[in-house]
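Asker: To start, I am sharing the structure in question, which I have written as structure tokens.
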Amino acid sequence: MDHKEVILLFLLLLKPGQGDSLDGYISTQGASLFSLTKKQLAAGGVSDCLAKCEGETDFVCRSFQYHSKEQQCVIMAENSKTSSIIRMRDVILFEKRVYLSECKTGIGNGYRGTMSRTKSGVACQKWGATFPHVPNYSPSTHPNEGLEENYCRNPDNDEQGPWCYTTDPDKRYDYCNIPECEEECMYCSGEKYEGKISKTMSGLDCQAWDSQSPHAHGYIPAKFPSKNLKMNYCRNPDGEPRPWCFTTDPTKRWEYCDIPRCTTPPPPPSPTYQCLKGRGENYRGTVSVTVSGKTCQRWSEQTPHRHNRTPENFPCKNLEENYCRNPDGETAPWCYTTDSQLRWEYCEIPSCESSASPDQSDSSVPPEEQTPVVQECYQSDGQSYRGTSSTTITGKKCQSWAAMFPHRHSKTPENFPDAGLEMNYCRNPDGDKGPWCYTTDPSVRWEYCNLKRCSETGGSVVELPTVSQEPSGPSDSETDCMYGNGKDYRGKTAVTAAGTPCQGWAAQEPHRHSIFTPQTNPRAGLEKNYCRNPDGDVNGPWCYTTNPRKLYDYCDIPLCASASSFECGKPQVEPKKCPGRVVGGCVANPHSWPWQISLRTRFTGQHFCGGTLIAPEWVLTAAHCLEKSSRPEFYKVILGAHEEYIRGLDVQEISVAKLILEPNNRDIALLKLSRPATITDKVIPACLPSPNYMVADRTICYITGWGETQGTFGAGRLKEAQLPVIENKVCNRVEYLNNRVKSTELCAGQLAGGVDSCQGDSGGPLVCFEKDKYILQGVTSWGLGCARPNKPGVYVRVSRFVDWIEREMRNN
């Protein structure tokens, strides 16, 4: 099930009023804790588990896990700080926040962390010990104060905070250096602030992060799971000097929040380096010259460039002298320059030579996203799969196998040298039912990958249909197959993938159950013992088994064949997806972007603009491309081409029958072709986005075109470039496009320059990968120059015009 379905099922398992209680827990799907002190109990839902954990008296319950299909609860004394985690299907682990936290709130009487040394570095005496000091406070005299081991605590509400008896015979007790939780104050620039302040400095209410009104934006909580973008609380997801929020005032897009700095010393910093590691956010060397040889401006000065990247605003970023630094999450260290004509530039920092161990893997730089659309498939259980897919079945990005963040694990290249654990590619190192990976979402430990098993004959993949092709009724019993995750599957398969017959849904032998029965789920098709998916499990239909030792297992239901040979957004040739340039030349694999068209004058045949095929009869382009003439017969469209000047057998040439300009003078236009294009493996439409969909900040997208290459190689052949989307809030900063970008536009580009769409690429596509297909998110519109540093390209935001596009296609 996708994230929304998981949340829905989760909420259904709660009783009224339990949501607030769970705020004190951190949940992780697919994670099970190895525990020695535990109780296994029957439970009807998460709320029952919660009550059992809170009411446990035999031991301190720090976590519990709920197994929905087993209707079982396991309450445990351990948590992920003290015990190892294993991956498991159909389980959600809940851990009490207070036992995971290493900070204090107020005077710290609720602190339950594991600090066990005093401010002076002396080890603490165990609270239950009587040597070298006989305690006044012990576990027996104060059983509710968390006096475990030798951890710092505050059982007497001391105003100076947590303390402990020391192991120094001459020092009875001393205080501990526990940092404040960033709830009512912030350290550094508030990157880790987790409080509930939700008003700006001027008193405006904050807009909820998951809302797109009144301000549409790209800081989507699901795309930034580690940024804690909850409710409408002030946060700092993008390297600003302090937390901020979008406001509920339509005339004020965003504003900083007034959050005080914490008064206690900040948590210990991460290791620092004299060389480049990752993005260089922990670089503390003394390079003070940019890549082009410009001397850096001092961070504390405001000439020749005024800025807010000051030592005062970024107190933890070591903005000393004029040394190159990366205070705001750029791709590398940089500095403002002393040249008044060049505001800032990256620096060239020598790379650290020693390779990181798995524990030291830099999680700040995720690997390049590998998103094969030409459907790779796997044989058998996928242990031999060595493809490059790195996307899960719900569209989440995979964590690198060598990384330990956000999920620590033992499935490393060192431990499984023959499993092909490269980068973050989907693999099956442990003989599971198919390739899987750990995810980059802290709340979802792992998922199976968005891959399909190769068919028994021919090795090809049975394609999944588009939404419009899904049947509304039950599957045809003669073609026992499923669509999507099989939630609507009504076939008659009644055996698991392992060959075990299914137990009837109404039966209570050999397994008793009460959640998934014909009575509790009358619309789920729980007939006889047929495989079904009543809970929307992402892994597909399942059943309780007739094996007394195996409660449930999944069924092997094939995907239904698509009614169409080619689906939108799915090329039949895998794109190169190189991080190279259009300017500078990165020649695309022929026909790997099959929606790309060349717009030409009908009489000279000269290419002058790009465009995107969005339906057999329709092309989307930029309105400014049609300034040459208002007559449709002036234009023609070339489809299926790779070479600009060479006509292959697969090239289609179609004249234009109608021009439709956007009525509010936005830079977007529709071309109706004089006849439908023939859809082939070399001519396939791109998919349109959902109306008003917002592309998340830093999403990797792709531009293509035959445009200006400024004398570099590759001219005349279709080129491509990989670009990150830049949130409009960032793009409109004074050092970039200075408030020129409208809400109906989006920015994308490498701020260092060198990668951009240029003259001749106008009107062409900017497509972004989403789960299993490419979506047309932008139409190339304008820019300040071509591939200039600090001047990203600007694209019409297609999602804002989907209603208009669909209406015009219907009416014409």
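The backbone N, Cα and C atoms fix where each Cβ goes, glycine too.
Model, not experiment: these values are computed from the prediction.
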Asker: Tell me which of CYS426, CYS481 Swiss-Prot records as disulfide-bonded to CYS449.
Answerer: CYS426
Asker: Going by Swiss-Prot, tell me which one of CYS188, CYS206, CYS296 is disulfide-bonded to CYS245.
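Answerer: Out of the candidates CYS188, CYS206, CYS296, the one Swiss-Prot links to CYS245 is CYS206.
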Asker: If you have Swiss-Prot open, could you say which of CYS324, CYS377 makes the disulfide with CYS347?
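Answerer: According to Swiss-Prot, the disulfide partner of CYS347 among CYS324, CYS377 is CYS324.
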Asker: Of the cysteines CYS73, CYS103, CYS262, CYS275, which is paired with CYS181 in the disulfide recorded by Swiss-Prot?
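Answerer: In Swiss-Prot, CYS181 forms its recorded disulfide with CYS103.
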Asker: From the list CYS352, CYS437, which cysteine is recorded by Swiss-Prot as disulfide-linked to CYS398?
Answerer: CYS437
Asker: Can you tell which of CYS49, CYS124, CYS152 Swiss-Prot lists as bonded to CYS73 through a disulfide?
Answerer: CYS49
Asker: List every residue in the same chain as SER690 (phosphoserine), at least 6 positions away in sequence, whose Cβ is under 8 Å from its Cβ.
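Answerer: Expected: SER799, VAL802.
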Asker: Could you put numbers on the helix, strand and coil content of the domain 'Kringle 2' (184-262), residue by residue per DSSP?
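Answerer: Taking the domain 'Kringle 2' (184-262) as a whole: 6 helix, 13 strand, 60 coil.
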Asker: Could you tell me the C-alpha distance between SER598 (phosphoserine) and SER762 (active site, charge relay system) in angstrom, no decimals?
Answerer: 10
Asker: Could you round the CA separation between ASP667 (active site, charge relay system) and HIS624 (active site, charge relay system) to a whole angstrom and send it over?
Answerer: 6
Asker: Which residues in the same chain, at least 6 apart in sequence, have a Cβ under 8 Å from the Cβ of SER762 (active site, charge relay system)?
Answerer: CYS609, GLY610, ALA622, HIS624, CYS625, GLY707, THR780, SER781
Asker: Across all protein chains in the structure, which of the active-site residues HIS624, ASP667 has the highest Cβ count within 10 Å?
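Answerer: It comes out as ASP667.
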Asker: Looking at the domain 'Kringle 3' (275-352) alone, can you tell me the average pLDDT?
Answerer: 93
Asker: Taking helix as H, G and I and strand as E and B in DSSP, count the residues of the domain 'PAN' (20-98) in helix, strand and coil.
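Answerer: Final tally across the stretch: 15 helix, 36 strand, 28 coil.
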Asker: Helix, strand or coil: which one is SER598 (phosphoserine) in, per DSSP?
Answerer: strand
Asker: Look up HIS624 (active site, charge relay system) in the DSSP assignment and reduce it to helix, strand or coil.
Answerer: helix
